[in-house]
Amino acid sequence: MDYVNLLLLLLMFCTFMQSIPCLSIKQLQQSVILPLRAKKISSYSIPKPPNKVAFHHNVSLTVSLSVGSPPQQVTMVLDTGSELSWLHCKKTPSTPSTFNSLISSSYSAIPCLSTICRTKTRDFTLPVSCDTNKLCHVTLSYADASSVEGNLAAETFHIDNSNLPGMVFGCMDAGSSSNPDEDSKTTGLIGMNRGALSFVSQMGYPKFSYCISGRDSNGVLLYGEANLPWLRPRKYTPLVQMSTPLPYFDRVAYTVQLEGIKVAGTVLNLPKSIFVPDHTGAGQTMVDSGTQFTFLLGPVYTALKNEYMNQTKGMLRNLNDPNFVFQGAMDLCYLVESTRTNLPPLPAVTLMFRGVEMSVTGEKLLHKLVGVTRGRNQVYCFTFGNSDLLGIEASIIGHHHQQNFWMEFDLENSRVGLAEVSCELASQKLGLDL
């Protein structure tokens, strides 16, 4: 199969891995379907900051596929915020799900003097090195204080009945985890940013899209052109480009320009300059599938929090516990009576990007904390957090707020597009069942 000319690669998010629906040839010719699931695991996409509060665990989106010859089944986090795809290659008590490179005839370790090691890794957050066997050694660190390291390698990835030979990835044999029990649920990560070694870049696709259900965070992921007659036209915002390398700017992230935020009809009284990266590159806004909730720069978050508290007075009861911070960065929480079946009508929060707006409404605004109560009350937290508390000099638009939007990442034209859509309805139109 010619992968460059492959019209569509459709991946299906589903609750059970054995449930793999089929599309008709008339709907999507040469399509390939893989199951994906929502899992509670570490947020791998945020680089680890020094001496800052750790980011803990969230719900991430995973894809199952097979790798190597003969094929071995693996489960990988789908992450638009990372470049290098990687797999655990050494079995330990905390990494029971691994890829065994020793039994794969198509596995090939990459030497440290190779062109790939010397030039293709320039956008990695940490420089590569040469190990004692003269192989290309990589180390990746993340904001939850976890890290992985190992060798760069080439291997065949299998998508349905098709093969992708020579895909570069990290075969990791060491690392540390802040939560081994949760991290043991996956084999690795599939990087989808704009870097030279990301999965989508190596495959040669000009664009990809996904649509995440608001029901259970499952949904549809599609590689290629989304020529779907029922899909509304996307509105686009251009990617922010930086030609000069800056110390705190991720040049291969999907960075967009946030220009303002409004709560209901009230635009926050903030200068537009506060949303623009500074001379060091700090302050960019990234669209990320590897992070669950949305985190905003400290001054922006504080303004949003104050306005939201003001507009929900008399509607919601504030938790008023300064020591309670959900996920280390979300400190606006409310008490809701356990007998209450529905939340009151909440003021929408609209993210105003250059050329397009994303409105966060209803249940997407508050997250119920399972198992956390205060007397007869349940605890709900505002789904926006303070990135300063994570030690991150950036704003991150998480996948929770992307629910029921068709999100298109157009690498060819350097832009991100979105259109409101019911992802359950989208799956039905495609002949799928979430």
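Each residue, glycine too, has its Cβ placed from N, Cα and C.
In TrEMBL, annotation is done automatically, which means it is predicted and not curated.
Record features (TrEMBL):
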| type | residues | note |
| --- | --- | --- |
| ACT_SITE | D79 | active site |
| ACT_SITE | D288 | active site |
| DOMAIN | 61-419 | domain 'Peptidase A1' |
| SIGNAL | 1-22 | signal peptide |
*So for D288 (active site), how many other CB atoms are inside 10 Å of its CB?*
26
*Take the C-alpha atoms of D288 (active site) and D79 (active site) and report the distance between them in angstrom, rounded.*
7
*Averaged over the whole of the domain 'Peptidase A1' (61-419), what is the pLDDT?*
91
*Local Cβ density at D79 (active site) - other Cβ atoms counted within 10 Å*: 26
